[in-house]
Amino acid sequence: MKFYCLIRFMIIANLYSSYQISLPGTYPSQILLDMKNSPLVRFNISTRDYKDETLWIRKNSTFVYIDTAVTTANVIFYLPIGQVRQMVFFKRPISRLLTSNNLVKFINTGSYANHTFKTELSPYLSKTNTPLKKYEIVVDQPTGENPPAGFGSLKPADFLNPGYKFVLTSELVGAYTKRSCFVDPMDSLVPIDYDHVRTIIFGSAGMEILMKMGITLASMTISTKYNPPIELIISAKYRNLSLLWPPRQQYEPVNKGTGRPHWIYLLGVYRNVSDSERDSYMNMIKSLGDSMDYHFLISRAHAQMLILAAEDRLVDEMHSFRNVIARLFVSLFAFIRNAFQSGYTSLNDIIEIEADLRLIVEGISSAAFRKDASTHFLISGTPIKDSKADLIKSLLSKVIRPISGHTRPLSAIQHLFLLRSAYALDIPRQNGSLSEQVSTVALSFIENIHSEAMRDILSWNTTTKHALYYAFASILQRPLTEWGASRNARRAILLASSMCTEEHVIATELAIQELYVKIRSNADPIHLLDVYTPCLSSLRLDLSEHHRIYAMADVVFYPDIQQYLKKKSHEGNMKEDDLETKAEYILTKLRSPLIRTLSAYASEVLSCSDQDLLEINAILILPVSGIGSYVVSRRAGMQGIVYTVDGVDVNNQLFITYTRMPCTTTIGNIVPTVLSRPSGKTCPYCGCVLLRYSADGNIRYSIYISSPKLQSELIAFGNSSIRRFNPTTAQIYGNSLLLYPNGTIVRILAFESERVTIISATYIATAVAGSIIALTVIVITVRMIIINMRYNYQGYNKVIDVDDDIRN
């Protein structure tokens, strides 16, 4: 038998015989609850006295907990989201996942006695000495000449050296920090008061993470479609948390008695010590106990993010994913705690924490949300809002405006600080002139880096990698409705593909392997952008192909990798192959999903192809014009002008298709030609792409002719200072094609007719000696054969003579 109870939530509770609760004073909302065992239903309605923290009402908020008389049947009801929106008895974020059946199925699994987890944690180091690598600069501290001040004291130049400027915490947060009532998202704990600073929600269609950050208390809830929900709570020491059921029972912290400055609580599914989920929970908790230094903790979060990207099993991915989220969570809490303890924080840290948050969330969306990465979202309540955000944008505009007008040059580190500030404030995603100016500055910086890379004078250091990421993000995150957004994005993708040469790919893979070895040895601080490469922003899709053995000649090997492999020598080649595989996983998972990028910036490719076949066969996509793109693939089948590339391995064929709307198919012909020298100041080759491939069907590079200077180097051929344009220094044999923006492709004869073969004297001497020896062997062999034939002939004649004598 089912019992239906009609409940109305208002401010004052009156209980009627029909189990109808009427709380007059607010607009009523009716919710029909389906309960079993109606005779045993009872209502526990408590009001909170402000002086008594054990009761539940505060500032017109009433918490209603409904249970049954039978202790084994207690449940907390989770209602449809439409009904939750009508409930006014407490304030909480609306979440389609946190109100799903996950909680109904899992939150009450097992006995309450098993909800407390115990583990041995290493001793807490209150003064952890962490080396801090801050983009090759020294982090300053406030002095008498440079004391912490309010936001109003900021100047435009401060954003070019943010580590020198310090802001008062009280000025930064102001009224945004408020006394609030903490309502456990899992509805398992008695609500308590705390000083709320910010709320962060992010996830995708199949996952949601909710973080509530305070000064002395913070909580994080992970809810997914296919795994039980988990909640972590960090609280000031000696502040007890109580369970709703059994009533008032104290909930034990996991790390009680370890000497750490905060207690850690865990809510989740746990049956017994052999439960596989328990190991995952313990790893999360251990990641929270190392230190309360923000820079150390966020470095651990970045390192765990790389481990997540390197995983190839879903089980390992989920464990690594939880560890990433846990470390990000405790990093944010440490930043807030330290800022309030010291009373100030640097402008650099304010910007860095927002940038790190967005960066890790985007990394998670690519590595962990791959199936629904396009649905990922981030809702971040930040103290930098309203008038403070307007002030910062105004100051940034004063810095960016002269740079976008090419009247003020900046160094790479200044570009990094400026573009990171725009990224942290989410300016690229906003409409208006400021995002356009940021995009202009970013594109100019990318073009300068591209020019240096083509001349082999670029140092791929930490500053360059980080600045390039923020530059590409400033362009690729702009709304497509904004003026010039699509044009700049297509140009940026071409520049990224141009820098993604075969030598660069293998050097990047080795750098990632070295970084992974350092992560496993707990060496220097790690940042996710330390592995960034323009290949991640390009549409070159063959990064995982093992065909670059000949490119290794120009790559410097890393001693850390050699030492690591030497220690693991008993495992043979397995460990080396494992490192290579992990590097390829990281490159593959951290790049933006192909279909999402194409739908935004090269929709003609999707319109003229089958998406499934495109993802399987395409190895390079070049959006060479505003209306057309080249697709290099292993198989034909796309609609457009289809070119068959001759002179390659039949088992590794290459097809090039020029796609544009409307999607019509024709057969193209690649014509060999000699490039003519343009007259005057014209630039007929600007916008073209030099595509070089090897005889085994592998793409070596696709150089984008982005300026008249590069055109001059291209037509200089043997006199070119750019080695990829010089046939005498192009190294490996192969063919070179020039792809025009209008869909025409020609083969450049200069790279075929001017090959230079260099034969060493040692090789010649060895060849001559070998020839002499071979000739001697042949002569001796022939003489032996002749002698043997003579002997046999004479013996045969003697036999004939004897036979004749017998007959006679």
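Glycine is no exception: its Cβ is also placed from the backbone N, Cα and C atoms.
Taken from Swiss-Prot, the feature N-linked glycosylation site applies to Asn44 (among others).
Annotation source Swiss-Prot lists N-linked glycosylation site at Asn60 (among others).
Annotated N-linked glycosylation site per Swiss-Prot: Asn114 (among others), in sequence order.
Taken from Swiss-Prot, the feature N-linked glycosylation site applies to Asn240 (among others), supported by sequence analysis. The secondary structure of Asn240 (N-linked glycosylation site), as reduced to three states from DSSP, is coil rather than helix or strand.
Swiss-Prot lists Asn272 (among others) with the feature N-linked glycosylation site.
Secondary structure at Asn431 (N-linked glycosylation site), as computed by DSSP, is coil. Taking Cβ-Cβ distances under 8 Å and a sequence separation of 6 or more, the neighbours of Asn431 (N-linked glycosylation site) in its chain are Pro479, Thr481, Glu482. The N-linked glycosylation site feature in Swiss-Prot is assigned to Asn431 (among others).
DSSP gives Asn461 (N-linked glycosylation site) a coil state; it is part of no helix or strand. Annotation comment: Swiss-Prot describes Asn461 (among others) as N-linked glycosylation site.
Long-range Cβ contacts of Asn719 (N-linked glycosylation site) within its own chain (separation 6+, distance under 8 Å): Asn726. In three-state terms derived from DSSP, Asn719 (N-linked glycosylation site) belongs to a helical segment. Marked as N-linked glycosylation site by Swiss-Prot: Asn719 (among others).
Summarising the annotation, Swiss-Prot assigns N-linked glycosylation site to Asn742 (among others). With a 10 A radius on its CB, Asn742 (N-linked glycosylation site) counts 14 other CB atoms from all the protein chains. DSSP assigns Asn742 (N-linked glycosylation site) to coil in the three-state reduction, placing it in neither a helix nor a strand.
The region 'Interaction with gL' annotation in Swiss-Prot covers 205-266.
If you look up Swiss-Prot, you'll see 1-17 marked as signal peptide, on the strength of sequence analysis.
Among the features that Swiss-Prot reports, topological domain 'Intravirion' is placed at 783-808, with the record citing sequence analysis.
Among the features that Swiss-Prot reports, transmembrane segment is placed at 762-782.
Around the Cβ of Asn240 (N-linked glycosylation site), 12 further Cβ atoms fall within 10 Å across all displayed protein chains.
As a whole-number mean, the pLDDT of the region 'Interaction with gL' (205-266) in this prediction is 81. For Asn240 (N-linked glycosylation site) paired with Asn461 (N-linked glycosylation site), the C-alpha to C-alpha distance reads 48 Å. The CA atom of Asn461 (N-linked glycosylation site) is located 37 Å away from the CA atom of Asn742 (N-linked glycosylation site). In the structure as shown, the Cβ atom of Asn461 (N-linked glycosylation site) sits within 10 Å of 13 other Cβ atoms.
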